Amino acid sequence: WIMGHMVNAIAQIDEFVNLGANSIETDVSFDKNANPEYTYHGIPCDCGRTCTKSEKFNVFLQGLQKATTPGDSKYQVKLVLVVFDLKSSSLYDNQASDAGKKLAKSLLQNYWKNGNNGGRAYIVLSIPNLTHYKLITGFKETPKTEGHPELMEKVGYDFSGNDDIDQVAKAYKKAGVTGHVWQSDGITNCLPRGLDRVKQAVANRDSSNGFINKVYYWTVGKRSTTRGALDAGVDGIMTNYPDVIADVLSESAYKSKFRIATYEDNPWETFKN
């Protein structure tokens, strides 16, 4: 999965997919009542990027729905996965469940169109704080109560705080999550970061009793870093430059080992090295 980083304006969806992304990451900010409000990152962000592009969250979802619905004039067949980077650190721990419910409601109405030919992309909810595990339980309740439990087949999870892998496992246990787990590791492209924790995550994925299904590394812009991440066995790379990642994947060392995921590839299925 080539994951376009910080895609917060509808116009950027086409821009990143046309550069080679088959997945995008979108920031979601919340208001003080735990309603998802804007697709917005804010300052500071990555080196070489504008940090302040945004849309109202529901408006962005409507644009995203068009981009991921076959037959729509804006349809992008390659776009198969969306990571919502939930900026939930602004919330109190006791608001996490509400935030999850409200987020699910918003997706149900504006993206899934209440189960009536909505967008088809797989969704990963990426949460920065382990203490906000109730965001997941709140989210999961909503499609059930609204009569569309099948939509949860399209939803996966990620804790993005670079926490100890054992602590991440405990948070999922509390949230009642078994499966659909992506594990991120990384740092802003302005700073270097080694691959030690990525390798730990890959080892968990590849072990017989691991809880991780997929591992992705962020935010990568250099060819050398891309090669290092691929050599470590990641499933996804988040980048500001999808064309760079696509270039490296076409090198002879990688093109026989990796291919770009399509809609037919199940993002919750573990593919071991």
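Cβ atoms here come from the backbone N, Cα and C positions, even for glycine.
The active site feature in Swiss-Prot is assigned to H5; the stated evidence is similarity to another entry. Annotation source Swiss-Prot lists active site, nucleophile at H41. Among the features that Swiss-Prot reports, Mg(2+) binding site is placed at E25, D27, D85, with the record citing similarity to another entry. The disulfide bond annotation in Swiss-Prot covers C45-C51, C47-C190 and rests on similarity to another entry.
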Which residues of the same chain, at least 6 positions away in sequence, have a Cβ lying under 8 Å from the Cβ of H5 (active site)?
E25, D46, R49, W218, T219, M238, T239, N240
Taking the Cβ of D85 (Mg(2+) binding site) as reference, which residues of that chain separated by at least 6 in sequence fall under 8 Å from it?
E25, T26, D27, V28, S126, S160
Do you know which of the disulfide-bonded residues C45, C47, C190 has the most other C-beta atoms within 10 angstroms of its C-beta?
C45
Rounded to the nearest Å, what's the C-alpha distance separating C51 (disulfide bond) and H41 (active site, nucleophile)? Just drop the number here, would you?
6
Listed in sequence order, residues with CB under 8 A of H41 (active site, nucleophile) and six or more positions away
M6, N8, D27, C51, T52, K53, K87
Spacing of the two Cα atoms, C190 (disulfide bond) and C45 (disulfide bond), in whole angstrom, works out to 9
The answer, for which of the binding-site residues E25, D27 has its Cβ ringed by the most other Cβ atoms inside 10 Å, is E25
Extra residues within 8 Å (Cβ to Cβ centroid of E25, D27, D85), Mg(2+)
H5, M6, V7, N8, T26, V28, H41, V83, F84, L86, K87, S126
